[in-house]
Amino acid sequence: MADAAIHGHEHDRRGFFTRWFMSTNHKDIGVLYLFTGGLVGLISVAFTVYMRMELMAPGVQFMCAEHLESGLVKGFFQSLWPSAVENCTPNGHLWNVMITGHGILMMFFVVIPALFGGFGNYFMPLHIGAPDMAFPRMNNLSYWLYVAGTSLAVASLFAPGGNGQLGSGIGWVLYPPLSTSESGYSTDLAIFAVHLSGASSILGAINMITTFLNMRAPGMTMHKVPLFAWSIFVTAWLILLALPVLAGAITMLLTDRNFGTTFFQPSGGGDPVLYQHILWFFGHPEVYIIVLPAFGIVSHVIATFAKKPIFGYLPMVYAMVAIGVLGFVVWAHHMYTAGLSLTQQSYFMMATMVIAVPTGIKIFSWIATMWGGSIELKTPMLWALGFLFLFTVGGVTGIVLSQASVDRYYHDTYYVVAHFHYVMSLGAVFGIFAGIYFWIGKMSGRQYPEWAGKLHFWMMFVGANLTFFPQHFLGRQGMPRRYIDYPEAFATWNFVSSLGAFLSFASFLFFLGVIFYTLTRGARVTANNYWNEHADTLEWTLTSPPPEHTFEQLPKREDWERAPAH
């Protein structure tokens, strides 16, 4: 530990290329995941804004088939201007490409890489006192597989797809028979992109599990490990068990498309509903793969700024384990309308509602941690509180949707869109921002301006709720999702929702400016622990930024004994 502090500001002798392209250092690879996830997130959020521009008013104003006749570049700029053509023929394929691209990029290439690959790689070894990951070279391979997958996903947007146009327009879930009949190789590229992303995540999961089990500091038992490290450990098991199932499903899809098999084609004895079962067996654990690392971050942020140890450490740990286990036995609640028997529907209803119990343990433990604490509303705490509100709203609407009889009405409406965005998108994204503001001083050695972080939070919080809360009303009115146009009866709430999306996008651009300012001109961090004594995990004993080789001597018990387990 002492050696680590002494060498904290030694000159890094690695060149730029060696450090960022060939690195086996867990901290550098974590930064790369965060940086790449941010870039892909910018693309995906731009798709969102384009879709909300189109949905701002009834009728099709932007996505017109006539723009295709102007060529790619000119047509693109025309599509941003509603009066560019007099008579607009709706370009439904472009709309489907936007939906597919947004879903695939966000699910596989933004949120999981940022939370699991970024924060997990950087801080899990620090929290358990490990010098690095168990398999550093595999860590490097994992990142570059992710980059390769990202490249294929973006390339699929410009490859020949259905209707003689560019891009794959089959939705991120890749449901047959649409995905098996879509022409062009854009869909194949998207499938390969998901394959590479899955391979990257599986390698990362093996690495995380091995590191967690074998490289904890001397004397640090499983029940002494910080909650963020536990969240990464549970997430790694979910990835290891769920992603190979997805890989099997999309491989079968690939052979149906290209090699004449009929796994999912009724004409050859196959069954499209089989694909739904296999996909959602992965798809529901995916929700917790996304949100569990955010749980870990929020636990540390709340404990730090409530200035109290986390309430109920062991229940918090086993609630995460229970959520992970239960996540594998509820998949068919996505399929109530796909012909399940009454008995099957009853089981999946009950199992889905049971997940509310461990989730409730976590919510009330966070509230109990704050109760009676000396709360300091710094920027990371605001994001953590925002996470609590948004995740709770998403959880409550999840209880509504778990009822098969109610889901008959809400299935594939904007009520479902609002529900899963509150849980996954807003919950996970607010967790990411909480982590960035909590740790950016530790990672970069420079601190953000507090006023800017708070302004970013309020812009995003208002924008996010303005975007997605009205979609509950649209769903209750019966507006189906994934449509390019809608009747005039839905115009008001769509207009409000679009305004919220624009505000959220503006907040994201402002955030990029805050990060640029912080990294170039932010106040230098001189203290190892720049928050308070309740930030008591091992990274706060290190310099800011931590040295290249973190623990040249393994931490002793007194270095970590004030961990949240106590």
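Glycine residues also receive a Cβ, built from the backbone N, Cα and C atoms like all the rest.
Annotated transmembrane segment per Swiss-Prot: 29-49 (among others), in sequence order.
Tertiary proximity for the transmembrane segment (97-117) is limited to same-chain residues at least six positions away from its ends with a CB under 8 Å from its CB atoms, namely 29-30, 33-34, 36-38, 40-41, 43-44, 47-48, 50-51, 63, 142-143, 146, 149-150, 153-154, 156-157, 161, 165-173, 190, 193-194, 197-198, 200-201, 204, 208, 232, 235-236, 239, 286, 289-290, 293-294, 297, 424-425, 428-429, 431-432, 435, 482. Residues or ranges marked as transmembrane segment by Swiss-Prot: 97-117 (among others).
If you look up Swiss-Prot, you'll see H102, H421 marked as Fe(II)-heme a binding site. Within 10 Å of the C-beta atom of H421 (Fe(II)-heme a binding site) sit 19 other C-beta atoms, taking all shown protein chains into account.
Summarising the annotation, Swiss-Prot assigns transmembrane segment to 141-161 (among others).
The transmembrane segment annotation in Swiss-Prot covers 189-209 (among others).
Sequence annotations record features per position, and here Swiss-Prot assigns transmembrane segment to 227-247 (among others) based on sequence analysis. Note on the transmembrane segment (227-247): residues 116, 119-120, 123-124, 127-128, 194-195, 198-199, 201-202, 204-206, 208-209, 212, 278-279, 281-283, 285-286, 288-289, 292-293, 295-297, 299-300, 310, 313, 316-317, 320-321, 323-324, 327-328, 537, 564 of its chain, located 6 or more positions outside it, place their CB under 8 angstroms from a CB of the stretch.
According to Swiss-Prot, the feature transmembrane segment maps to 278-298 (among others). Counting only same-chain residues 6+ beyond the ends of the transmembrane segment (278-298), those with a CB under 8 A from a CB of the stretch are 107, 111-112, 115-116, 119-120, 173-175, 226-232, 234-235, 238-239, 241-243, 245-246, 248-249, 252, 320, 323-324, 327-328, 330-335, 362, 366, 384, 387-388, 391, 420, 423-424, 427-428, 430-432, 434-435, 438.
Look at Swiss-Prot and you will find H284, Y288, H333, H334 tagged as Cu cation binding site, backed by a curator's inference. Counting every protein chain shown, 23 other Cβ atoms lie within 10 Å of the Cβ of H284 (Cu cation binding site).
According to Swiss-Prot, the feature transmembrane segment maps to 310-330 (among others), an assignment based on sequence analysis. With a threshold of 8 Å between CB atoms, the same-chain residues lying at least 6 positions outside the transmembrane segment (310-330) that come near it are 223, 227, 230-231, 234-235, 237-238, 241-242, 281, 284-285, 287-288, 292, 295, 299, 302-303, 348, 351-352, 354-355, 357-359, 361-362, 365-366, 368-369, 371, 564-565.
Per Swiss-Prot, the feature transmembrane segment maps to 348-368 (among others).
Among the features that Swiss-Prot reports, transmembrane segment is placed at 381-401 (among others). Among residues of the same chain six or more beyond the transmembrane segment (381-401), those with a C-beta under 8 A of the stretch's C-beta atoms are 291, 294, 297-298, 301-302, 304-305, 333, 352-353, 356, 359, 363, 366-367, 375, 407, 410, 415-416, 418-424, 426-427, 430-431, 433-434, 437, 453-454, 457, 460-461, 464-465, 469, 472.
A 10 Å cutoff on Cβ-Cβ distances gives H419 (heme a3 binding site) a total of 24 other Cβ atoms nearby, all chains included. Secondary structure at H419 (heme a3 binding site), as computed by DSSP, is helix. What Swiss-Prot records for H419 is heme a3 binding site.
Residues annotated as transmembrane segment in Swiss-Prot: 420-440 (among others).
According to Swiss-Prot, the transmembrane segment annotation covers 455-475 (among others).
Annotated transmembrane segment per Swiss-Prot: 499-519 (among others), in sequence order.
Taken from Swiss-Prot, the feature region 'Disordered' covers 543-566.
Taking Cα separation as the measure, H334 (Cu cation binding site) is nearest to H419 of the binding-site residues H102, H419, H421. By the Cβ criterion (distance under 8 Å, sequence gap of 6 or more), the transmembrane segment (189-209) is not counted as touching the transmembrane segment (455-475), fewer than 3 such pairs being found. Residues 20, 23, 98, 101-102, 105-106, 109-111, 113-114, 117-123, 139-140, 142-143, 146-147, 150, 154, 436, 443, 501-502, 504-505, 508, 512 of the same chain lie 6 or more positions beyond the ends of the transmembrane segment (29-49) yet place their CB under 8 Å from a CB of it. For the transmembrane segment (499-519), the residues of the chain that approach it from at least six positions outside its boundaries are 38, 41-42, 45-46, 48-49, 52, 433, 436, 440, 444, 446-449, 452-453, 455-456, 459-460, 462-468, 470, judged by C-beta separation under 8 angstroms. Burial estimate for the binding-site residues (H102, H333, H334): highest at H333, by number of other CB atoms within 10 Å. The number of other Cβ atoms within 10 Å of the Cβ belonging to Y288 (Cu cation binding site), over all protein chains shown, comes to 25. For the Cu cation site, the Cβ centre of H284, Y288, H333, H334 serves as reference, and the other residues of the chain with Cβ at most 8 Å from it are W280, G283, P285, V287, G327, V330, W331, T352.
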